[in-house]
Amino acid sequence: MEQYEKVEKIGEGTYGVVYKARDRVTDETIALKKIRLEQEDEGVPSTAIREISLLKEMQHRNIVRLQDVVHSEKRLYLVFEYLDLDLKKHMDSSPEFVKDPRQVKMFLYQILCGIAYCHSHRVLHRDLKPQNLLIDRRTNSLKLADFGLARAFGIPVRTFTHEVVTLWYRAPEILLGSRHYSTPVDVWSVGCLFAEMVNRRPLFPGDSEIDELFKIFRILGTPNEETWPGVTALPDFKSTFPKWPPKDLATMVPNLDAAGLNLLSSMLSLDPSKRITARIAVEHEYFKDIKFVP
């Protein structure tokens, strides 16, 4: 650890404290994530090993880079590139952001590129939210951070833990108790982020699982076997749910053009099997005017 000098604590991560720090060798500013090991008799928690193994494989311009792993008997530190701005802070502090549809488009494109890359490596993110989308102020490039809850998924998709995605960005199949979800859960979250960037407020700000579901159904309509085959068999589906008709998405996201609305509605399909994939979404006509040099 002699190589790294802590500068200040910048937050509490899923598994421990995050510090801003300096690399004494290169003089580079880095983010140091300290993983708590005290409760673990076996040493390094499997959650951290999973995060490390995933992140070491993840080499992409839109993924936060894991630079080093420092391990001692009682401590585990992950060394990441340092970015001090996240999408939540950026939206809160930049009133001009909402007036710049190109900026929204550029950010959305980069989120989708990062997610498409993850999915191509059989990795779900599962915890997408504005706080873990980091922005490089100099280049305006956006990177996905915090793979704390991600895990590699094989085919067939295994049963996953229930608590993964922050409520406002949580896909309806998870809210309805599905144990066999896959990559569409991330695409749903990206759709929620897209609408939030355009509207400057969350689309489905539920304060409980049922409130979240009902906020979704009030806008997109209550699903049934016709619109989502198999939905009534999900563990938490109730035949007593109010039967709301779908609203026109254009009234909910009025500042979005036709191509944007088409993309958004294909990301917010209630039936996960009908949801667009990240790989196909990056080719959508909404992005046709983007000249993005990799």
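Positions of Cβ are set from backbone N, Cα and C atoms, glycine also.
Under the three-state DSSP scheme, Asp127 (active site, proton acceptor) falls in the coil class. Per Swiss-Prot, active site, proton acceptor is recorded for Asp127, and the stated evidence type is sequence analysis.
For Ile10, Gly11, Glu12, Gly13, Thr14, Tyr15, Gly16, Val17, Val18, Lys33, the entry in Swiss-Prot reads ATP binding site.
The feature domain 'Protein kinase' is assigned by Swiss-Prot to 4-287, with sequence analysis given as support.
Positions annotated as phosphothreonine by Swiss-Prot, on the basis of similarity to another entry: Thr14 (among others).
Annotation comment: Swiss-Prot describes Tyr15 as phosphotyrosine, evidence class similarity to another entry.
Annotation source Swiss-Prot lists phosphothreonine at Thr161 (among others).
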Among Glu12, Asp127, the most crowded of the recorded positions [Cβ within 10 Å]: Asp127
List of residues, in chain order, with Cβ under 8 A from that of Ile10 (ATP binding site) and at least 6 apart: Val18, Tyr19, Lys20, Ala31, Asp84
DSSP three-state assignment (helix, strand or coil) for Gly16 (ATP binding site): coil
